[in-house]
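A.B. asks: What Swiss-Prot shows for this protein is this:
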TOPO_DOM  1-14  topological domain 'Cytoplasmic'
TRANSMEM  15-35  transmembrane segment
TOPO_DOM  36-573  topological domain 'Extracellular'
DOMAIN    136-228  domain 'WSC 1'
CARBOHYD  239  N-linked glycosylation site
DOMAIN    239-332  domain 'WSC 2'
CARBOHYD  251  N-linked glycosylation site
CARBOHYD  262  N-linked glycosylation site
CARBOHYD  312  N-linked glycosylation site
CARBOHYD  315  N-linked glycosylation site
CARBOHYD  562  N-linked glycosylation site
């Protein structure tokens, strides 16, 4: 009897130790889990939520997260120059992670800028902010903003981070407008006519994004300023561009809605600017104002000497007077027939890539496509600078289906096969490398300094990026399902013709007025003005030898896919 009792007692003692260890293990596991959860909560609170980023919950799921790669191996082409360095996963949201450092930095910059700029007033009752005293211009009042019948429509631009009253006034005055209007805290509208309907002052209650305490309109409301003093001083620096000599249409008075006799070129340009027309047409001493049309499209300029008589007042001009020649000038007025854009009304199930190597003109082509189609373009990345300048599709997830096409610099089989069709934009690698290095050092509109060009950074940049230019094109030629190849240089030479090809590829109906408007405003707001100050030749002979080898290989690959080869200017001399 005693033996079974001691056996039971021994078992219970062992069971106690066993339960004790189980309890300790359970508590330790629970503590670790609690600490991990607390860490994630703190991490999310510091970075913002998916909702703050404008992404759906699905957009951060496995089905949308792909590990990005620098272009894969470039066979037989200086493999040692390829970007094959692996980057470890750092502590940040998954959608920020990419193996290409440039793209990762781009996403990280957008992420931090966007989180920083979240409006703390969202969800709180609106309050009236007092108008600050403004030295430039005179505040007129709060007016109703009707998007369909907008009065201040001559020039429209956005700045969702840094819009101020002075910024809008200066921009409108520079273009010689009389009135500047601000809405939604970030939108600026210019024009020469005051809106018709006034609104209550308290309805203009949106604080300017870049200036605390000042008012920049409201929802469908404009804070309007008169720029009379600035307008007078701006006339001295009026930005009028000579477009060329053209043959005037036969029914000139019917095509151009406004005309005035006996005006000089300067007077005609000022007259048409005041009437808010983008073109001033001078035929002898007659002045006409209007837009490019199908009958007068500015596609075929004539020899300058044919219009010289008008300007010089020579005897020859008497003979020319009987001919239908005219001189055309671009006024500061923006052609607004193609500035309205929107998201696709029905989500598309077809994903079309607008693919290019960085520096190949992707942003410029997006500007052309958006204004020609009227629909926003999307992006595989999130560039806050572009979003703040009006590329509203930049914020949408690339698979939202609401944009006409999606910008990408990615390559590799997996990344390319995610798209149903693609527009491959190719630019001369010498020009593309310089453009991307300028963007990297000076931003979208700036230039690298001479110090940058002579530093070690430039050779390292060429060593890495030159091979990427080649492998990017080769990968898309190999894995792209349905491909349209567009050369940047061809687009510059034949803008309308190449735009028609792209619109047909995108299956978008062609609107002739929008195309004429695009041609009239083809540069947009992302063209680098002037030229780089550096006169140095940035490419060494060794660099040229490597790049020329890449050019020959891409040219051969294009012809193998039955595309025309690279333009002659690419080819090594």
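Glycine too: its Cβ is placed from the backbone N, Cα and C atoms.
Note that the structure is a prediction, hence the values are computed from the model and not measured.
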A.B. asks: At the Cα level, what's the spacing in Å between residue 262 (N-linked glycosylation site) and residue 251 (N-linked glycosylation site), rounded?
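C.D. replies: Pair distance, Cα basis, whole Å: 19 Å.
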A.B. asks: Can you give the mean pLDDT for the topological domain 'Cytoplasmic' (1-14), rounded to a whole number?
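C.D. replies: Looking only at the topological domain 'Cytoplasmic' (1-14), pLDDT averages out to 62.
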A.B. asks: Expressed to the nearest Å, what is the distance separating residue 251 (N-linked glycosylation site) and residue 562 (N-linked glycosylation site) at their Cα atoms?
C.D. replies: 46
A.B. asks: Can you tell which of the glycosylation sites (251, 262, 562) has the fewest other C-beta atoms within 10 angstroms of its C-beta?
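C.D. replies: Result for the glycosylation sites 251, 262, 562: minimum number of other Cβ atoms within 10 Å at 562.
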A.B. asks: Which residue counts does DSSP yield for the domain 'WSC 1' (136-228) in the helix, strand and coil classes, in that order?
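C.D. replies: Going by DSSP assignments, the domain 'WSC 1' (136-228) contains 14 helix, 36 strand, 43 coil.
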A.B. asks: Over the span of the domain 'WSC 2' (239-332), count residues by DSSP class, listing helix, strand and coil in order.
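C.D. replies: In the domain 'WSC 2' (239-332), the DSSP-based counts are 28 helix, 27 strand, 39 coil.
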